[in-house]
Amino acid sequence: MRPYIFSFRIGGVVVRAEPSWLFLALLVGWSLASGFFPGLRDDFSLPAYIAMAVAGVAGLTFSIIAHELSHTFVGRAFGLPINHVTLFLFGGAAELESEPETPMSELVMALAGPLMSLVLAGLFALAGGALAPQGADDPVGAVALVLGYLSLINLLLAMFNMIPAFPLDGGRVLRAILWLFTGDRRRATGWASGAGEFFAYVFIASGAGLALFAGQMGGIWWVLIGLFLRTAAVSARNEQDMKHALAGVAVGELAGPFETAQADMSVADFIEEVLVRHHRAWVPVVEADGQLVGGAGVEEARAVPAAERASTPVRRIALPVRESERIEAPLRASGAFARMQHDHLARLYVVKDDRLAGVVSLSDLMEYARMRRLFDGDAAG
C-alpha cells in the first residue's frame, strides 16, 4: 500500500497526498517566502513572509483539490466511478477507474477543472482588491498579496491545463472533439497522445535551453514536467491499444494453467509437492471442492517454524483474497486490465460459480495483446 502524508474524505471521495507533494509544497513555499512576496513588497519582516508563504501553499493546495474535485463530481454525474483525488509532485489527479463512455461526457468533465480554477481566480482577485494595503507589516496588506498570488496561480493553472497535450485537461478536450467527429476513441487517443508528446518535447527543449544557456535552474522543472507528460501520453496510447486488443475477450479465456495447493495439506507437503516440485513462488489455495481460500507462497511457508510445518495446514498461512482480486470468468479482459492498472495488482483470481477457474496475470494480458496486435498487423498488411 502506498504511503500518503495526509488523507481525508469529502463527498465520498478520498483526497490524499503522496510524499512527493511535500517536496512541491516546500519548494513553492521557499520560492514565495524568498522571492515572490519580497519582490512585490520589501517592507515585511521575515516571519511575515514565512506566514504568507504558508498561507499561499495552503491556498494552492485548496485550489488544486477544488480543481480535481470538479472533475470528480462532474464525472460521477455521468456515472463514472471516481473515488480518489491524489496530490503528487506535478499537481493533482482525479483517478478514473474507467474511461468516459461518450465524447460529450469527457468534454464536460475535462472542462470542469479549468472552469473551477477560473472561478477561483476571479473570487480571489475580488477579495484581494477589496483589501486596501496600509503600513509596513500590516496584516491586511499581507492578506491582499496572498489573495493576489492565489488569483494569479489559479489563472495560470487554468491556462496550463488547457494546453492541448494529453493527458492534461486541454488534451482531453482535444480527444473528446476528435472522438466526437471521428467516432473512434482509439484513433482520437492516438492523435491526442501525439499532441501530448509534441508539447512534452517543447517543454523539455525549452527547459533545457533555459537551464543551459540562460542559467535559469527553473528550466529543470520544465524538463521534468515534459518528461512526465511524455510518459503519461505514451502510457495513455498504449493503454488504449491494450483495451482495443482485449475487446470482446472474456477474462476466463486468458486464464492460463496454474498449480494450486489444497487448504488441508500440511505446509511441509506444500513446500515439497507444490513450491519445490513445480518451481512456484506463489499459488492459490483452494478447498477440496475448488472454493478459493486465498494464496500462499515461499514467504508464508518459511514463516512457519520447521518443526511445525508437518502439523500446520496451508489454510492457516493462506493470505485472504480481497474482493478486488477476484473477477468472474465471463467478464471482459479489458475490464480486468483496467482493474489491475488502477489497483496495482499483478494478478487476478478468475472464478466461475464460486470456484477457482484460473489465474490471470498482467503479463498474460500484455502478451495476449502483443500477439493480437502482431497478427492483426499482418492481416492488415
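Cβ from N, Cα, C; glycine included.
Zn(2+) is bound by His67, His71 in TrEMBL, and the record lists one more residue there from Asp169, Asp184, Asp241, which is Asp169. By number of Cβ pairs under 8 Å, the transmembrane segment (143-163) is matched best by 46-66 from the list 21-40, 46-66, 78-96, 198-229. For the recorded Zn(2+) site, residues His67, His71, Asp169 set the reference point as the centre of their Cβ atoms, and the other residues of that chain within 8 Å of it by Cβ are Glu68, Ser70, Ala94, Ala110, Ala112, Gly113, Pro114, Met116, Ser117, Asn161. Asp169 (Zn(2+) binding site) has a Cβ environment of 26 other Cβ atoms inside 10 Å. For His71 (Zn(2+) binding site), the Cβ neighbour count at a 10 Å cut-off comes to 26, with all displayed protein chains included. Helix, strand and coil counts under DSSP for the domain 'Peptidase M50' (57-128) come to 47 helix, 13 strand, 12 coil.
Taking the domain 'CBS' (336-368) as a whole, pLDDT averages 83 in the prediction.
In sequence order, Gly92, Gly113, Pro114, Met116, Ser117, Leu157, Asn161 make up the list of same-chain residues 6 or more apart from His67 (Zn(2+) binding site) whose Cβ falls under 8 Å from its Cβ.
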